[in-house]
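A.B. asks: From TrEMBL, for reference:
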| type | residues | note |
| --- | --- | --- |
| COMPBIAS | 20-40 | compositional bias 'Polar residues' |
| COMPBIAS | 62-72 | compositional bias 'Polar residues' |
| DOMAIN | 112-558 | domain 'Major facilitator superfamily (MFS) profile' |
| REGION | 16-87 | region 'Disordered' |
| TRANSMEM | 105-125 | transmembrane segment |
| TRANSMEM | 153-176 | transmembrane segment |
| TRANSMEM | 183-203 | transmembrane segment |
| TRANSMEM | 209-227 | transmembrane segment |
| TRANSMEM | 239-261 | transmembrane segment |
| TRANSMEM | 267-289 | transmembrane segment |
| TRANSMEM | 357-376 | transmembrane segment |
| TRANSMEM | 396-417 | transmembrane segment |
| TRANSMEM | 424-446 | transmembrane segment |
| TRANSMEM | 466-490 | transmembrane segment |
| TRANSMEM | 502-524 | transmembrane segment |
| TRANSMEM | 536-554 | transmembrane segment |
Amino acid sequence: MKTSIAASSRWAKGRFSHFLPSSTNENDIEASSTDESSLQGKELHHRKNHEEENNGTRPKKSQMSTSTLQIETRQDEDEDEDRIVIKPVNDEDDTSVIITFNQSISPFIITLTFVASISGFMFGYDTGYISSALISINKDLDNKELTYGEREIITAATSLGALITSIGAGTAADVFGRRPCLMFSNLMFLIGAILQITAHRFWQMAAGRLVMGFGVGIGSLISPLFISEIAPKMIRGRLTVINSLWLTGGQLIAYGCGAGLNHVNNGWRILVGLSLVPTVIQFTFFCFLPDTPRYYVMKGDLEKAKMVLKRSYVNTDDDVIDQKVDELASLNQSIPGRNPIIKFWNMVKELHMVPSNFRALIIGCGLQAIQQFTGWNSLMYFSGTIFETVGFKNSSAVSIIVSGTNFIFTLIAFFCIDKIGRRYILLIGLPGMTIALVVCAIAFHFLGIKFSGASAVVASTGFSSWGIVIIIFIIVYAAFYALGIGTVPWQQSELFPQNVRGVGTSFATATNWAGSLVIASTFLTMLQNITPTGTFAFFAAVACLSTIFCYFCYPELSGLELEEVQTILKDGFNIKASKALAKKRKRQVAQGAVHHKLKFEPTQEIVES
Ligand SMILES: O[C@H]1[C@H](O)[C@@H](O)[C@H](O)[C@@H](O)[C@H]1O
């Protein structure tokens, strides 16, 4: 064990030598692969080949500069894989760059994932309960029925609050830590819920929803970020989807509870009160749980980083952990700034001026915008209204069917996201949504719906065959949505390197909330002004264009080291190379598993011969 660690250390020095002092450079050339060190040896072999192509010398620093992994491709895909050359990067971004830890998951990582993803549950529950609550509020606020505008304000206040905090939450997570920010969000949930439960005035209720939204914005950003920073790379996608599962599960539970409490006097206060349970649980757990190792490294607290890694990778030798943390520390490139505002500004500049960061931003914000502008949330909020227009009167049952489909297909995404890959599930989901939306648009045309004011007038009452077509295809749409674009955008943290991850994910999350706000507030107007057929056709067109966007701009990132993501994006979107590399990584891990390399000890980049 010790010898292989030493070898790894030498190799590591070589691999990252261009940002280590030049005196440490010479050791790397001596590294050689053995036949059984399949993945790492092979990789090294590729590197050696590349060096030979460069007349036996390592490529010059200028050739390797900045994010340095270069990927070369040939036309034939198999040959592509063989020609992939991985060179050192100056942005170490994953705990497994040099030492790939055991990929099996420890109880500690499971605990951290579940506790962090309670934020996902609150995101879902708090955005989900409001439609039922609005039905049962009756005259409980200001002793009068809520006007249509007041209902809209109460609904939109949470999205607005989330939009506001999501802009700064990423920087706050870098400055104060991920865990303190999540605990702060618990405080917002608590205050927001108490304001609502005790509300007898409309404005207090709206203020409570806004404060709750502050918590939702922070949680929606930091929870997936937290999970992706603690996850072993091969299951990073899945662990992040757990957050989405809690989210869609939260929406489903909110609709279920809402349906049960609809006719209970002050039932909506109970509905809001229930949201306190997960908040208190998460806060209590976080009193005893640590932050991510990466955050501790950013702060220079290496002892804490070691402690978290030791608990996460229980069967790992202490030497390896120490070595890993030293390595993370030497590669830490957090952006300086005398105060949070200057730091934020420096990060924004870095995000826009480094091409790979800017591409990551295009993908991150692009996917979040697509998620919202393909119309899902309008269905979530208004599915009752839509289904009533096609003759289906029980709006609670409808909401449960639609959000249940969302939950079940998020579960399917959980199983597919690392195995089939993010890109493929997007490229299955978006065309599926397009077709379902086109069918709905056509069916609405034949159903003959018209709007007068805010209410729909249908030519024929009761069920019609076109009505049934609409119900079926809205469910089909929900399934394709949840499988792909409902889930994948929340993998956003993996797109950005450590130094701009906070601000990059902030921008992407803010895009999500801004989109949700726009769609929720314009959907009914769209139905009235451009008819349901026009509205669904509009969403279908967006879904169709989005398929093209993803086809050309979204590389396959499953199984890739976070550093490799940066390198993929360095000089383009590199779709072909990303697919070849993802395939190669999966094969390597599978081979490693066969040889039990990944079972109980960290894999080393080389094994001493
Ligand atoms: O990923 C989630 C999920 O799809 C929810 O159902 C939706 O309401 C959110 O807006 C979205 O961000």
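Cβ from N, Cα, C; glycine included.
What TrEMBL says about a protein is an automatic prediction, not a curated fact.
Looking at the shown structure, what environment does each listed feature sit in?
C.D. replies: The average pLDDT the prediction assigns to the domain 'Major facilitator superfamily (MFS) profile' (112-558) is 91.
The list of residues near the transmembrane segment (105-125) in space but at least 6 beyond its ends in sequence, with Cβ under 8 angstroms from a Cβ of it, reads 182, 185, 189, 215-216, 218-220, 222-224, 226-227, 230-232, 235, 239, 242-254, 274-275, 278-279, 281-282, 285-286, 289, 311-314.
Proximity of distant same-chain residues to the transmembrane segment (153-176), defined by a Cβ-Cβ separation under 8 Å and at least 6 residues beyond the stretch ends, is recorded for 126-127, 130-131, 134, 146, 188, 202, 205-207, 209-218, 220-222, 225, 295, 298, 334, 340, 343-344, 347, 381, 501-507, 509-510, 512-514, 516-517, 520-521.
Distant neighbours of the transmembrane segment (183-203): 119, 122, 126, 140-142, 146, 150, 154, 165, 209-216, 218-219, 222, 269, 272-273, 275-276, 279-280, 282-283, 286; these residues of the same chain sit at least 6 beyond its ends, with a Cβ under 8 Å from one of its Cβ atoms.
Below 8 angstroms of C-beta separation, residues 111-112, 115, 118-119, 121-122, 125-126, 129, 132-134, 136-137, 140, 179, 182-183, 186-187, 189-190, 193, 196-197, 208, 212, 215, 254, 257-258, 261 of the same chain, each at least six residues beyond the ends of the transmembrane segment (267-289), sit close to that stretch.
Packing against the transmembrane segment (424-446) from elsewhere in the chain are residues 370, 374-375, 413, 416-417, 466-467, 469-470, 473-474, 476-477, 479-481, 483-488, 531-534, 536-537, 539-540, 543-544, 546-547, 550-551, 554, 556: each is 6 or more residues past its ends and has a CB under 8 Å from a CB in it.
Panel annotation: around the transmembrane segment (502-524), residues 152, 155-156, 159-160, 162-163, 166-174, 217, 220-221, 224-225, 344, 347-348, 351, 357, 360-361, 364-365, 367-369, 371-373, 375, 377-378, 381-382, 385, 454, 489, 492-493, 495-496, 535 of the same chain, lying at least six beyond its termini, place a Cβ under 8 Å from a Cβ of the stretch.
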A.B. asks: Under 8 Å between C-beta atoms and at least six residues away from its ends: which parts of the chain pack against the transmembrane segment (396-417)?
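C.D. replies: Cβ under 8 Å, 6 or more out: 128, 131-132, 237-238, 241-242, 244-245, 247-249, 251-252, 255-256, 258-259, 262, 379-380, 383-384, 387, 424-425, 474-475, 478-484, 486-488, 491, 558.
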A.B. asks: Do any residues of this chain, six or more beyond the ends of the transmembrane segment (209-227), have a C-beta under 8 angstroms from a C-beta of it, and if so which?
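C.D. replies: 112-113, 116-120, 122-123, 126-127, 130, 154-155, 157-166, 169-170, 172-173, 178-179, 181-182, 184-189, 191-193, 195-196, 239-240, 242-243, 275, 279, 292, 490-493, 501-502, 505-506, 509, 512-513.
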A.B. asks: Taking a Cβ cut-off under 8 Å, which residues six or more beyond the ends of the transmembrane segment (466-490) line up next to it in the same chain?
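C.D. replies: Here the qualifying positions are 224, 240-241, 243-244, 248, 364, 367-368, 370-371, 374, 376, 379, 383, 386-387, 390-392, 401-402, 405-410, 412-413, 416-417, 422, 425-430, 432-433, 436-437, 439-440, 443-444, 446-447, 508, 512, 546.
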A.B. asks: How about long-range neighbours of the transmembrane segment (536-554): same chain, 6 or more residues beyond its ends, C-beta under 8 Å?
C.D. replies: 359, 362-363, 366-367, 370, 373-375, 422-423, 426-427, 430-431, 433-434, 437-438, 440-441, 444, 485, 526, 530, 573, 575
